[in-house]
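Asker: Right, I'll just put the structure down here and ask away after.
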């Protein structure tokens, strides 16, 4: 054993040396056996972004092959300098394809260099993989061999749009670099802002070759505009210059809003501290990478290897692009990686170019398929191409401060703005973002629109009208052709502007043609304000929902409502049956039935109490009862009733008749004396059924309202002035005129001031918001003007203006009528009739109870013999002298043998003295 241990210890170092030599030889053999695949890189030298990206590519391939040692392919990089020019990039790519026969190219670094490389790759079937060419315009080339291993700029447009919408800014100005990169985002911005009704007032293009003075001149131009929301889309080198000059001329002060795209926000790490100071208060939209395990490990390795150089988003995309290419190359390792070169006829020197003998990569289609389907979890998130590019789902909203950037929220696809990624509900309010420090070091949200003090005069459009000139009238001097604008609306606007807290210069521009005719409808005038031809519109412009999509209206300054106006007719022709009109048909029937009911109840009560009534013939009974019942109407009963119950019922019934007759008399008097004039038509439905012609003002929105109410379009007539309306009314529908007019209250009042007693307003009154001044969406003038309108309407200024233009119309407001005088119906007297019915039923029950009681008392007394009854009858002989009274005895009881000496039923007692005097 000792000998064995001695040999092992002696030759251990030798055995280890032999093993290491064997391992190195094996690795060298495997490396030599791996397929060398040439890949080109076209990036600019001496550029921080390109340098960081190239480091990331080398680091990605090194770590990938160390992890996947058994792969049969190895990418060999061929790096060419683009010289930061389009021509340099094109020459580099042509060299790599033609001379080096690379199977793929990573690059170029900018969107401007990409178009030629894309066409070159498409022709040679060499995939062009770019991690930094983000312009959406490159998609228009429609080359399948262009792989965008990054997001295009259109993906952030929705995030920018959400910010604008959340703060309710209505106008923006994009400031962009004047090249393919800057212009590429504009179509997407326009579409996104149109969806939320945000207007792009101006597009500011700044060339890379502009001097500082030229940039300053452009910024001064922006200062003269009212818009204060700017969206900056450019790279950091030009962006730093822009913000430095903007800071110098005080455009980063209170009231301004600056938003930068990810062209600057993603590269904040390579910008100096001075740039951050100049951008204090700026908002940024930055690409968001989740802090995955892969990203954290890469950042640690990056810091260890390169020290203070920060890993940015483009370096992450470059890292993932190299990994994806290595995986795809390994997948097609069995494919021929050579080029198929076709000789061209170059015998003529004048047609020979560098594109001659440009080969076609045999591996191109297979490599393209592999790249399109590769999927893995990279450092920048899931690497999976869709339509040849990566898709962005989340952006980070940052607030730039002097010390760096601060996250204030996020934008998530299909969710919107959120304060935290843990919140999945869409935010429609800026409060869902964290507090923001705005330019000027303020936390108050800028309005986004200010009236510049050095601006030119506002161009205020006024309508050209052929009538109703009390509201707006445009006249032109025959010699100078200078327009003069007057009217109620103009005086209101002038008064409002004179009370504004700041001076506003404006001029009236008639909305007419060169020959002085109206240029179009009010809708067209409002739409031209939206298009920017005018800075506002003043006149009798009604506030409508469809118009509010294009302009902002100040508060209304006129009365509201739309009504029908019809002629009135003489109400003295009442007809022969006017006396029936105070009561409705139902009330007449109820009253007649009540008389019949009262008669029946009287019959019942009197039948039990009146012997004379019982002895009458049936026809006499009926006539007596109903005569008695109806005579109560005039309180003229011929004879008193014999029944206590009848008397009570008659008292209640007379009370009801008193109220009924008094109400009838009052209503009939009103019909015969008060109502002298009545509208020819009482309701809109009657107009629709009658099919008469209806007038409306030319160019008014009331035409659409009439069509919506299903009025026949062929029956609608137009008028331009009160005089034309009057003329149409005189002709009537039968002669091509009108029998009704549909217009706003303000115009109807003006017409009624002249013809108050001849026309009337009928129901219903339709809602409208009145007249308002129109301004561009988001205009700060709207709130200030609305405040001044409230001030003058609450004071005496508005009354003075109204008296100036509409004096004498106020008394006509009472001519508005409703239907004919209200008839009395049975509902008004339900309680009285119910009282009569209840009282009658109670009396009937009392009568029946009393009769039953008497019957029981009588049955309890013994009956007299016949002879006693006869004796009693002879004794009294129908009339007895009781003291000094003559007594009339009920003979019926005597005949029924129910009369005793103790009980003598007396029907009527009369003093003897009265009979003697008679």
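Every residue, even glycine, has its Cβ placed from backbone N, Cα and C.
So Swiss-Prot lists the following for this protein:
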type     : residues : note
COMPBIAS : 866-881  : compositional bias 'Low complexity'
CARBOHYD : 46       : N-linked glycosylation site
CARBOHYD : 58       : N-linked glycosylation site
CARBOHYD : 122      : N-linked glycosylation site
CARBOHYD : 336      : N-linked glycosylation site
CARBOHYD : 340      : N-linked glycosylation site
CARBOHYD : 546      : N-linked glycosylation site
CARBOHYD : 791      : N-linked glycosylation site
REGION   : 857-881  : region 'Disordered'
SIGNAL   : 1-30     : signal peptide
TOPO_DOM : 31-586   : topological domain 'Extracellular'
TOPO_DOM : 608-616  : topological domain 'Cytoplasmic'
TOPO_DOM : 638-647  : topological domain 'Cytoplasmic'
TOPO_DOM : 669-828  : topological domain 'Extracellular'
TOPO_DOM : 850-918  : topological domain 'Cytoplasmic'
TRANSMEM : 587-607  : transmembrane segment
TRANSMEM : 617-637  : transmembrane segment
TRANSMEM : 648-668  : transmembrane segment
TRANSMEM : 829-849  : transmembrane segment
Asker: Report the nearest neighbour of residue 340 (N-linked glycosylation site) in space among the glycosylation sites 122, 546, 791, comparing Cα positions.
Answerer: 122
Asker: Go through the chain and flag residues at least 6 beyond the ends of the transmembrane segment (829-849) whose CB is under 8 A from any CB in it; none is fine as an answer.
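Answerer: Those are 587, 590, 594, 597-598, 601, 604-605, 608, 643, 645, 648-649, 652-653, 655-656, 659-660, in sequence order.
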Asker: For the glycosylation sites 122, 340, which Cβ has the most other Cβ atoms within 10 Å, all shown protein chains included?
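Answerer: Per the Cβ count, the most surrounded site is 122.
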Asker: Find, among the glycosylation sites listed as 58, 336, 546, the one whose Cβ has the highest number of other Cβ atoms within 10 Å in the structure shown.
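Answerer: That would be 58, with the highest Cβ count within 10 Å.
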Asker: Tell me whether residue 340 (N-linked glycosylation site) sits in a helix, a strand or coil according to DSSP.
Answerer: strand
Asker: Given the model, what does the mean pLDDT over the topological domain 'Extracellular' (669-828) come out as?
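Answerer: Across the topological domain 'Extracellular' (669-828), the average pLDDT comes out at 81.
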Asker: List, in sequence order, the same-chain residues at least six positions removed whose CB sits under 8 Å from that of residue 791 (N-linked glycosylation site)?
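Answerer: Listed in sequence order, they are 499.
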Asker: On a C-alpha basis, identify the one among 58, 122, 546 that is nearest to residue 336 (N-linked glycosylation site); the candidates are the glycosylation sites.
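Answerer: Closest recorded candidate to residue 336 (N-linked glycosylation site) by Cα: 122.
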Asker: Reported as an integer number of Å, what is the Cα distance between residue 122 (N-linked glycosylation site) and residue 58 (N-linked glycosylation site)?
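Answerer: About 26 Å separates the two Cα atoms.
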